[in-house]
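Asks: TrEMBL lists these features:
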BINDING   Arg51, Thr52, Arg101, His129, Gln132, Leu264, Pro265  carbamoyl phosphate binding site
BINDING   Lys80, Arg162, Arg225  L-aspartate binding site
DOMAIN    2-141  domain 'Aspartate/ornithine carbamoyltransferase carbamoyl-P binding'
DOMAIN    149-298  domain 'Aspartate/ornithine carbamoyltransferase Asp/Orn-binding'
Amino acid sequence: MKHLIDIMELTTEEIDEMIETATRIIESPEEYSERCRGKKLATLFFEPSTRTRLSFEAAMYELGGNVLGFSEAQSSSAAKGESVADTVRTVGAYADIIAMRHPKEGAPLVAAARSTVPVINAGDGGHNHPTQTLTDLLTIWREKGRLHDLTIGFCGDLKFGRTVHSLIGAMSRYENVKFILISPEELRIPEYLKKEVLDRKNMEYTETTDLEGAMADLDILYMTRVQRERFFNEQDYIRLKDSYILTPDKLKNAGEELSILHPLPRVNEISVAVDDDPRAKYFEQVLNGKFIRMALILKLLEVK
Ligand code: NCD
C-alpha cells in the first residue's frame with residue numbers, strides 16, 4: 001500500500017505522471033467524473049485549513065467519490081486523548097483514503113504505519129507539506145513549461161514554512177536549479193535541509209535578507225507568511241511578521257517572465273495591489289491544487 005508522507009518518496013517519473021494526469025483532467029474533466037464512484041476520502045484536520053482541506057474534498061467530489069471527516073481536533077476524539085494511530089485505524093473502517101493535517105511533525109508518518117488505507121500528509125507542523133509541493137510543481141510546469149533551469153527565490157519564514165521545505169527538496173532533483181533564500185537571519189532554513197539537501201546535492205544557493213536585490217535574477221518568487229503558530233513567543237512574531245511586504249514598487253527590477261507564487265493564506269506579505277500584476281500566479285496555484293490532488297487520489301487508489 002502506498003502513502004504520501006514526504007515528497008521525496010515520489011520518483012521524478014511519478015511526479016511527471018501526476019502532472020500529466022492533472023493536465024488531462026484540466027482538458028477533459030468529464031472523463032474523470034466517475035472514476036472514484038463508491039470511494040470515500042476522509043479529511044482528518046487537527047489544524048486549521050481552507051485550501052488544502054477543501055481542495056481535497058472538491059477533488060474527491062469531482063472524481064465522483066464522497067468525503068467525510070473533521071476540520072478541528074476539538075471535534076474529534078483527539079480531544080479525549082485518542083492517539084492518531086487509533087484514530088486512523090478507526091477511520092480506515094469507514095474510508096478508502098485519508099488526508100491528514102497535524103500540528104506535530106511526524107504525526108502522519110506514525111498514522112501511516114498503523115493505517116489499513118493510504119494516508120496523505122496534508123501538512124505536519126513546521127516539517128513537510130507534500131501536496132502543496134505537487135501543487136507548486138504543477139503551477140511551475142504550467143507557467144514555465146519546465147522544472148529545470150530555474151532560479152527560485154524563497155522569501156519569508158523559511159524556518160517554519162513547511163511548504164518551503166518540501167519544495168526545496170522536490171526542486172533539488174531537477175537540473176540547474178538555483179535557490180535564493182531571502183529571510184530575516186532568525187528565519188533561515190533549518191540546518192538539516194542545508195546538510196541533507198543543499199550540500200549533499202551540491203546545489204547552488206545564496207542566503208540573503210535583501211528581497212529587492214535578488215529580484216532581477218528570479219524566474220520564480222515564492223512568498224510565504226511568517227508562521228505565527230510555530231513561534232515560542234508573540235513578541236518575536238510581532239517583530240518579524242512584516243519583514244517583507246511585496247508591493248508593485250518592489251517589483252520594478254523583476255523580469256517580465258517572473259511568476260509570483262504563494263501557498264496562501266496571505267497575511268501582509270503581498271500587498272493586494274500586486275494581485276492585478278500578470279505575474280501574480282497565486283490564485284492559479286489554488287486551482288492547480290485541486291487538479292493535482294485529483295491525480296494523487298487516482299494514483300494512491302490505483303484507479304486507472
Ligand atoms: C500552507 C500550510 O498550511 O503550510 N498553506 C497551505 O496549505 N496552502 C502555508 C501556510 O499556512 O502559511
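Here the Cβ of each residue, glycine as well, is placed from N, Cα and C on the backbone.
Remember, TrEMBL labels are computer predictions, not curated facts.
Show me how these features fit into the structure around them.
Replies: Taking the Cβ of Arg51 (carbamoyl phosphate binding site) as centre and 10 Å as the limit, one finds 17 other Cβ atoms among all the protein chains shown.
Under a cutoff of 8 A between CB atoms, and with a sequence separation of 6+ in the same chain, the neighbours of Arg225 (L-aspartate binding site) are Gly156, Asp157, Gly161, Pro265, Arg266, Val267, Asn268, Glu269.
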Asks: Max Cα-Cα distance in Å among Arg51, Thr52, Arg101, His129, Gln132, Leu264, Pro265, the residues listed as binding carbamoyl phosphate?
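Replies: Binding-site diameter by Cα atoms for carbamoyl phosphate: 16 Å.
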Asks: Using DSSP reduced to three states, classify Thr52 (carbamoyl phosphate binding site) as helix, strand or coil.
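Replies: Once the DSSP labels are grouped into three classes, Thr52 (carbamoyl phosphate binding site) ends up as helix.
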Asks: Listed L-aspartate-binding residues Lys80, Arg162, Arg225 - what's their greatest C-alpha to C-alpha distance in Å?
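Replies: Pairwise Cα check on Lys80, Arg162, Arg225 gives a maximum of 32 Å.
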Asks: By DSSP assignment, list the helix, strand and coil residue numbers for the domain 'Aspartate/ornithine carbamoyltransferase Asp/Orn-binding' (149-298), in that order.
Replies: 65 helix, 27 strand, 58 coil
Asks: Could you pull the average pLDDT for the domain 'Aspartate/ornithine carbamoyltransferase carbamoyl-P binding' (2-141)?
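Replies: In the predicted model, the domain 'Aspartate/ornithine carbamoyltransferase carbamoyl-P binding' (2-141) has a mean pLDDT of 97.
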